[in-house]
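> Okay, so TrEMBL annotates it like this:
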TRANSMEM  7-26  transmembrane segment
TRANSMEM  46-66  transmembrane segment
TRANSMEM  73-91  transmembrane segment
TRANSMEM  97-118  transmembrane segment
TRANSMEM  139-156  transmembrane segment
TRANSMEM  162-182  transmembrane segment
TRANSMEM  240-262  transmembrane segment
TRANSMEM  309-330  transmembrane segment
TRANSMEM  336-360  transmembrane segment
TRANSMEM  372-395  transmembrane segment
TRANSMEM  407-427  transmembrane segment
Amino acid sequence: MQSTSGWMYPTVVICTYGFFSMMRPGEPFLTPFLTGPYKNISISQVLYPIWTYSNLVLLVPVFLVTDLLRYKPVVVLQGLCSVVAWLLLLFGSGVRAVQIALFVYSIASASDVGYYAYIYSIVHAEHYQRVTSYCRGSILVGFAVGSLLGQLLTSFGATSFYWLNVITLLFLSIALLLSFLLPMPQRSLLLNDLHPNGPNLDISSDLARPSRFSVFTLRRVRWRYILCSWSKLVKDCKECYSSVTILFLSLWWSMGRCGFYQVSNYVQILWSLKEPHDNFTAYNGAVDAVATLSGAATSFAVGHMTLSWSMWGELVLGVFSVVTAGSVYVMDITRNIWICYASYVLFKSSYMMMITICTFQIAKKLSKECYALMFGVNTFLATAIQTILTAVVINTKSLQLPLTTQYFIYSTFFAIIAFIFLIRGVYSVYHVRRSLLEERSPGGHVCDRSTDPPKNTQF
């Protein structure tokens, strides 16, 4: 176990890596770059779903490799794939090069599990809430600074979109170098010591056989150990999701992440439809910067709040899910680009606050081994839901839904999430308050002021 005094260095390094990995001044202007004179691609929504489909296929193998390699190599892989993806965007030509770049970038996106789970394999559980806010906040600040830099360079420095992406490549290269400075976790979390008190494999009889069978014996023992470990892994996963509280937090995490990426992946195309046609200057970078900075502020604030999240957390998720649903709906119906910009800022700020709440609440309620497992499972579920939405809403030729109709569907998606968590949140508050009243002694003193929902609630 990492000592309490040793949590600062890995946290600083991983947060610095996250900051530079998101310093991408060219990303808010990626669509104009691809459709402009440098690439001259007739951009459509056909290109962007490649990232969604590839991410779903790659997520499971990357997650398994993440545990076997103990997280750090996957963080390095993420940095390397980001660099390669931007090299292809800059120096590749044609639609095929962009498709390959999106595929390589999907590897980096699938490697997010290494970035977010790495810090929990290093620091003590008492620091989970704080390091979660730091890791997410550093990513948001990095993206905000990069977006603001891109807006300033295009508006006042007359910098072309090409050079914005060159600068992005420079920052990504710095992040790649920083990834090598991360300390290596001492063990694999899932397959090694997942159940240290579980039954041991008796291999003495196998090893006592003649030496000519030693190679086959070792292989058999290795496969027996792997199968035993995975059977325990499946059992542990069932135990984690048997808790109603964990199940609802995971539900919001998966559905909220899916909805966020569906909205943000196509927002540049939506903005292009809302923009006036009389020499309007795009403010994509400035809007992304403001949205991300406000999201970073809420993430940092959540990390230091003393609210009883076990009591009020689900109700907070329900209320702010209403805010996200309303903001996406306004983005859909408005014809004013500035209202559309403002609605996106509100949407992203609310989402970043809620995803931070879900992340540290799940981490606090589980061991770090189980959290690594649940992070991978929840990410896979989010990507699977996103793939279904993409296939139905975007790639179904029979529907041919316009982009504004798609955003109406996304707002309805968040409204459903809000309805579920408002009901669940009211129930949780009522249940905890009733439990507190029942535990009051006749003298009016509270015997136990625990605000946690019932821990043994099982399906």
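Backbone N, Cα and C atoms are what each Cβ position is placed from, and that goes for glycine too.
Note: TrEMBL annotation is automatic and uncurated.
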> Do at least three C-beta pairs under 8 angstroms join the transmembrane segment (162-182) to the transmembrane segment (7-26), pairs 6 or more apart in sequence?
yes
> Any contact between the transmembrane segment (336-360) and the transmembrane segment (240-262)? By contact I mean 3+ C-beta pairs closer than 8 Å, pairs at least 6 apart along the chain.
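With 3 or more qualifying Cβ pairs, these stretches touch.
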> Same chain only, please: residues at least 6 beyond the ends of the transmembrane segment (139-156) with a C-beta under 8 Å from a C-beta of the stretch. Say none if there are none.
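Contacts with the transmembrane segment (139-156): 18-29, 163-164, 167-168, 171, 281, 283-293, 295-296, 299, 352.
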> Given pairs 6 or more apart, does the transmembrane segment (46-66) have at least three Cβ pairs under 8 Å with the transmembrane segment (309-330)?
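These two stretches do not touch.
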> Considering only Cβ pairs under 8 Å, which range in 7-26, 97-118, 309-330, 372-395 makes the most contacts with the transmembrane segment (240-262)?
372-395
> Can you name the far-off residues of the same chain, 6+ from the ends of the transmembrane segment (407-427), with a Cβ under 8 Å from a Cβ of it?
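Beyond its ends, the transmembrane segment (407-427) has Cβ neighbours at 248, 251-252, 255-256, 259, 262-263, 270, 312-319, 321-322, 324-326, 328-329, 331-332, 389, 393, 401.
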> May I ask for the residues of the chain that lie six or more residues beyond the transmembrane segment (73-91) and have a Cβ under 8 Å from a Cβ within it?
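Residues 14, 17, 21, 26, 30, 33, 62, 65-66, 97-98, 100-102, 104-105, 107-108, 111-115, 118, 162, 165-166, 168-169, 172-173, 175-176, 178-180, 182.
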> Grab the same-chain neighbours of the transmembrane segment (97-118) for me: Cβ-Cβ under 8 Å, and only residues 6 or more beyond its ends, written as numbers and ranges.
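Cβ under 8 Å, 6 or more out: 10, 14, 17-18, 34, 39, 41, 47-48, 50-51, 54-55, 58-59, 62-63, 66, 71-75, 77-79, 81-82, 84-86, 88-89, 135, 182, 185, 189, 359, 371-372, 375-376, 379.
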